[in-house]
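Q: Features from TrEMBL:
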type: ACT_SITE; residues: TYR103; note: active site, O-(5'-phospho-DNA)-tyrosine intermediate
type: DOMAIN; residues: 75-135; note: domain 'Spo11/DNA topoisomerase VI subunit A N-terminal'
type: DOMAIN; residues: 196-391; note: domain 'Topoisomerase 6 subunit A/Spo11 TOPRIM'
Amino acid sequence: MEGNFQISETTNLLRKIKEFTRSIVEDLAEGKSPEIAINRFRNYCNDPEADCFCSSDEPKGREILTLRKRSQTYRIDMLLRVLLIVQQLLQENRHGSKRDIYYMHPSAFKAQSVVDRAIADICILFQCSRYNLNVVSTWKYSITVLLSGGMSLLVMGWLKFREAGRKFDCLSSLSTAFPVPVLVEEVEDIVSLAEYILVVEKETVFQRLANDMFCKTNRCIVVTGRGYPDVSTRRFLRLLMEKLQLPVHCLVDCDPYGFEILATYRFGSMQMAYDIESLRAPEMKWLGAFPSDSEIYGVPQQCLLPLTEEGKIIKHLYLSLIHSFSETRQLSLTDKKRTEAMLLRCYLKREMPQWRLELETMLKRGVKFEIEALSVHSLSFLSEVYIPSKIRSEGSFH
Ligand SMILES: [Zn+2]
């Protein structure tokens, strides 16, 4: 049934693509410039006082691309090139990464960002998600595919599912990390006996929980997107939430980057604002680590790091590698400036004032710490004390 639905969706999309290209050709044959209307989306603005409407999924303006404007000719050209590739992928029922597409015409595309924008334009034009175009993400796809056989995220715990006919039975070995396939749309038959889902920022923390056999004593599903979550990770989490209707808690480092990761899970990223509805986890709760945890759980002074000028360079580069311009642009920002900028986001004031308060506290104290710093007193502190007590006391903010 689901398969038939996907086939008709693809057929529908192919029909729309053909109609679109036909109308362009007709315009050109008549000597007219085609006019391509691209809606603009954003998931937040930087004016918490403004009476904005960022919370709605409606477009926040539109741009008309035309050959009459020289600056737009290249954008239209690239859009049509990528559209042709997408059409081939769909017709042949194959998948390709954004990077694969770039390498099909590197001299024309000039940069990966050109392909990324063309794909975003196509999704907006045809009102679909990137996965509908049979296009998968870039960096994680290319590198992680090699490292872990095509998987971008890890999962363990009280869960069973199938993907393209393959069985994933995490229940058979509760402390084993199962890599989840990139093609999340083919995940089906999800069965779970879990009481909640725990998303952890870092793979090291995930492995710590696996070593501690966390899921044997806690009836949950643990997921990690290995840092900044890519589209597959967010789609998989969204799928679990929709099918299982379980509470979702998120555990990140107590620093601006950890908070950025948390915000991306919950509110989506600006680059994918046009597809926020299929990617965000609107009910996600922040389990920790909060600035106040350092006192409550006695994190020693030497584990508290100042919010410095350099920030976390490695993590920063990682973010900018897997994600596009906005992160790259922020490469020069310090921890403090980045935190100040995040405090302005309208969604925090509107929906998560408690999160905003914690962020303000972080800024006021001027210190950050990693989740692992909580383990200073005992290696299993996270799995035996911290996480269970937070879950029990509902210590996470909604
Ligand atoms: Zn706004």
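Glycine residues also receive a Cβ, built from the backbone N, Cα and C atoms like all the rest.
Walk me through the surroundings of each of these features.
A: Around the Cβ of TYR103 (active site, O-(5'-phospho-DNA)-tyrosine intermediate), the same chain contributes no residue under 8 angstroms that is 6 or more positions distant in sequence.
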Q: According to DSSP, how is the domain 'Spo11/DNA topoisomerase VI subunit A N-terminal' (75-135) divided among helix, strand and coil residues?
A: 45 helix, 3 strand, 13 coil
